[in-house]
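J.: I am attaching a structure below and will ask some questions about it afterwards.
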């Protein structure tokens, strides 16, 4: 589970929709809130109504300062943890069984009668222990969170780097296996297709069974397949192993943002997601720079060996240092430990009550990201914009060598201009970090989460992005007249636009679908990666056939046409979320 509350005096508290005022008052007695004038706000999630208790704007400043401990207090309520489990397992509409019924049960055996009913299960159900429970990820020491973030970011960088480092192997693959360039590029396409497909499986599984198990499995399989590619004897094996390396290794693309949402409240979440976004974009851009040096001095196989060694180190780091962040799974582990220590088998967590068959898992959870993508207009249109931008990133992997190697005659170090892209991304990340303060001010003003306020930075970046594309492509179109530094500087503007569109999109999706953040991000990753897989296939033909300048004009016009997307969501986003079946807050 993740931070699940619009900002109020002490963070919003998720209550079942049938909760009465008296139950709300009981909750107040736990210390989660202690003032009057509470107004309920309804929102929907997975087909059922929920209620959040929010305060007036007067307490909003206090909320910004004290949100870290409030969700722990809210999750100390049995009804809340039980409701959250129903959301994550897709069993919201299934009634709670409150009476013992032995009608269809097998005999106890030994001619024994059926046992009497147990006391209320609420007495045996574990929750978090108030606002300062050290088990709750919001209350973990910052040093611990930083370490976990470092491990998660390295995991994300490993998979992102591997997606594009194969571009440095393409010339050798063409020469050794006697294939044309578009066939060799399939090594990139199949890998990205692999990590387009699997996050829609990994994300729901992480919401059922926790983040760590999914990440460990993914990191281990990813490392193995990198060594398999490096030792492959033929092209078919290379391509098959590249696909499965991407498929198995893609868990970080959906699970890492959800893990960040598990650990950080509204004050810090946006800044933490910025680190993940840098890894997602800097990895594919930095890897050709590194890959060109490796490929020029050794063979293409060492590209895969290097990634495999890096992935192995990340796997060890996850096993040794990563701690489970998924809130319901933490309570499951707490219940297991208490049962072992006390020998009281009745102690349990709400997440253990739901038993799902393979069929249930597929129908209720694994299909959820795809269903969300196509029934949620908010998620669909933001994802289309995000996917187009991500596809541009992989187009640039083809355009840069055409401009700087074929145009300007760079023989070695032809990938160094990529660094301008990275500089632009870092500048944009710093800008969005600054804009996060503006976002928190808007939350204070409304007294709740305002996901649309994340999009103001995207309006600016969306304008800079087509300018950067046109700058880079048209100045790079005349290498004999214009110095190579001019298109290089244009690349910095492209980098600013890439990061400035991707990061607000990701934050917007997470905060709009907070309880189902992993599934929403997986849906986004599915389409985004599909674009990233397809774009390189036609990149060379487009840039060579149309010319760098005219191809850039086409891309720039597409990018300019999408500038209104964040403006539309700024105006209509809140009303769309109110009608949503899955959105968190309205």
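Cβ coordinates come from backbone N, Cα and C, glycine included.
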J.: Quick one: which of 72, 120, 575 has phosphoserine in Swiss-Prot?
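T.: 72, according to Swiss-Prot.
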J.: Out of 17, 117, 342, 357, which one does Swiss-Prot list as phosphoserine?
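T.: Candidates were 17, 117, 342, 357; Swiss-Prot attaches phosphoserine to 342.
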J.: If Swiss-Prot marks one of 44, 52, 329 as phosphothreonine, which residue does it mark?
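T.: Matching 44, 52, 329 against Swiss-Prot annotations yields 52.
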J.: Give me the stretch from 146-166, 272-292, 302-322, 377-397, 415-435 with the greatest number of Cβ pairs under 8 Å to the transmembrane segment (243-263).
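T.: Ranked by Cβ pairs under 8 Å, first place goes to 146-166.
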J.: Between the stretches 182-202, 272-292, 302-322, 550-570, which one has more Cβ pairs under 8 Å with the transmembrane segment (146-166) than any other?
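T.: Against the transmembrane segment (146-166), the leading stretch is 272-292.
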J.: Would you say the transmembrane segment (506-526) and the transmembrane segment (182-202) are touching, if the rule is that at least three C-beta pairs must lie under 8 angstroms and be 6 or more residues apart?
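T.: Contact criterion met.
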J.: Can you tell me how many other Cβ atoms are located within 10 Å of the Cβ belonging to residue 342 (phosphoserine)?
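T.: Taking all protein chains shown, residue 342 (phosphoserine) has 10 Cβ neighbours within 10 Å.
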J.: What mean pLDDT does the predicted model reach across the topological domain 'Extracellular' (398-414)?
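T.: Taking every residue in the topological domain 'Extracellular' (398-414) and averaging pLDDT yields 80.
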